[in-house]
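Colleague: Here it is, the structure in full.
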Amino acid sequence: MEKITLAPISRVEGEINLPGSKSLSNRALLLAALAKGTTKVTNLLDSDDIRHMLNALKALGVNYSLSEDKTVCTVEGVGGAFNWKNGLALFLGNAGTAMRPLTAALCLKGSSEAEVVLTGEPRMKERPIKHLVDALRQAGASVQYLENEGYPPVAIRNSGLKGGKVQIDGSISSQFLTALLMAAPLAEGDMEIEIIGELVSKPYIDITLAMMKDFGVKVENRNYQTFVVKGNQSYLSPEKYLVEGDASSASYFLAAGAIKGKVKVTGIGKNSIQGDRLFANVLEAMGAKITWGDDFIQAEQGKLKGVDMDMNHIPDAAMTIATAALFAEGETVIRNIYNWRVKETDRLTAMATELRKVGATVEEGEDFIRIQPLPLTQFQHAEIATYNDHRMAMCFSLIALSDTPVTILDPKCTAKTFPTYFTEFEKLSERT
C-alpha cells in the first residue's frame, strides 16, 4: 500500500487558494443540468466525487464541455426531468453528494417511462438512503432496493413525483432533505415537506436553498420544521455560477496556522454560504487569532485551550478539531456528531482508533468524542489507516506539527475532494 511520511514541521506560513467546494460543485452541476439555458460553472472542484456526477449526467444525455484543468464546466440544461434509454445503470463511487440528489431527481416524470439503477462502491452500499426513499415514495415515486433494504443499489422508474404532504426524517443526514428539495420544484404538484426529528447539519440546507434561489426557485422555510415548494416550476440558468472554495478543506490549513504559525486561505470569506466557515469561530474560541475578509480567512497561532462544544452544525470540519485538540491545554469534547458514523467510514470509531495510535487518551461515545491533550514530545510515530476517507488522511497531517513524524497510509484517498492536498500542505511547511 502506498504511504507518505511527513517529517516534523517547525512552522507553517503562507497563503492557499482553496479548490472549489464539493457540496457546491455537485449541487451546481445538477441544478445546471435540470435548468433551462446554459450555465458556465467556474472554480469547479476536480475530484472523484465530481467526476462521478459528470459521468452520470453524460449518461443521462446532458451535454457539457469541461476546460482542460477541469475547473470550468459549461452545462447545457435539459430544462426539466432527465430522459434516458431503459436499462441504464449509473456507478457513483462513494459520492453521497451524487447518490442522494440523483435518487430524487431521477424520480421526476420523463417523456417516456424508463428504469435506471444507481450503484456504487461497497461502502456506498453501507450508507443509508431509507429516509430519502421513504419520503420519495410518499410523493408517489417508484424506487426499489436491489440488495439490502434501506441501502443502495436502487432501481428507479421516472414515473413522477406528485407532490402533496411529505414527511422526512432529518436526524441522520441533511443530504436526504437537500435531495428532496432540489427535485420538488419539478414535481407535478406543490410539496409540503415536514421534518421528523431534529434536523442535522442545518447549514448544508442553507446552501441548498441559496443555490436553488440562484437558479430561480424560492422555497418557503418555516423554521426548518416545514418547507413549502411550488410544483411545476423550472430552474432558470443564472448563466454563470462561481463555486466557492471548499470551507471543509480550509479547516486543515486554518488549524495548522492556529497550532504553529500563520495561514491565510482564500476562496471563502465572511459572506460564504458554507456553514463550515464557522470552523474558524471554534479555533478562535480555542485561542487562535482569526482575521476575516470578504474573500479570505486567516488563522494565527495563539495559546490553544480545549473546548466542549456541540458541533452538529459543522460535522465535516469538526473532525479537524479532533486532531487539533492534541495541541491544546485541557480536554476537548466534540458533541452531537452521531452522523460521523454514516459518512465515508464510521468516523467516530476511526478517529478514536487512530488518535490512540499516536499516544492520545480518547473516549468514544455514541455521539461524542472526548480527547485529552498530548505534550509535543510525547507523540508516537504511527502508521495512520485512512479507511478510504479523504478527511482522515487530511486531519492526521496535523500530527506532523508535533516533534514526531507521522505516516499516512493510502494518501491518494484525498482525491475525493482535494487531490493535491499533501503538495499544498508541504508548500506551507517549514522545517529547521
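Sequential numbering from 1, following the chain as shown.
Any Cβ shown, glycine's included, is placed from N, Cα and C.
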Colleague: Among Asp190, Asp316, which residue shares the 3-phosphoshikimate site with Lys22, Ser23, Arg27, Ser173, Ser174, Gln175, Ser201, Asn339, Lys343 according to Swiss-Prot?
Modeller: Asp316
Colleague: Cα distance, Asp316 (active site, proton acceptor) to Lys416 (phosphoenolpyruvate binding site), nearest Å?
Modeller: 14
Colleague: Let me make sure I understand the structure: which of the binding-site residues listed (Ser174, Gln175, Ser201, Asn339) has the fewest other Cβ atoms within 10 A of its Cβ?
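Modeller: Relative to the other binding-site residues in Ser174, Gln175, Ser201, Asn339, Asn339 has the fewest Cβ atoms within 10 Å.
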Colleague: Just to be sure I understand the packing, how many Cβ atoms besides its own are within 10 Å of the Cβ of Asp316 (active site, proton acceptor)?
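Modeller: Around the Cβ of Asp316 (active site, proton acceptor), 27 other Cβ atoms lie within 10 Å.
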Colleague: Would you find the one among the binding-site residues Lys22, Arg127 whose Cβ has the most company, meaning other Cβ atoms within 10 Å?
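Modeller: Of the binding-site residues Lys22, Arg127, the most buried by Cβ count within 10 Å is Lys22.
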